[in-house]
Amino acid sequence: MEPEQMLEGQTQVAENPHSEYGLTDNVERIVENEKINAEKSSKQKVDLQSLPTRAYLDQTVVPILLQGLAVLAKERPPNPIEFLASYLLKNKAQFEDRN
């Protein structure tokens, strides 16, 4: 590699304000997106706190509970409460992302 090309590469790296930490433009974009998503989720949590009880339950509990009860009615296990509890615990991740 010619010295001029190496110098050009170094100036490009120096133009990036986070280059001293080794962050690329893609990583910077990802970090910015994560910050924005975190701000949105914190705003949503505040909104959930201000909702009336019925609306809060409709947005958070009812969707997973209805799905769990449908599976419970279909399978009719001998211990329905334990079945429903384990179903809710196993499937909570897919519903937490929606809130």
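Each Cβ is built from the backbone N, Cα and C atoms, and glycine gets one as well.
These numbers come from a predicted model, not from an experiment.
According to Swiss-Prot, the protein has these features:
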type    : residues : note
MOD_RES : M1       : N-acetylmethionine
MOD_RES : S19      : phosphoserine
MOD_RES : K35      : N6-acetyllysine
REGION  : 1-26     : region 'Disordered'
Practice problem: Run through the Cβ atoms and count how many others sit within 10 Å of the one on the residue listed as 'N6-acetyllysine'. | Solution: 10
Quiz item: Which state, by DSSP, holds the residue listed as 'N6-acetyllysine': helix, strand or coil?
Solution: helix
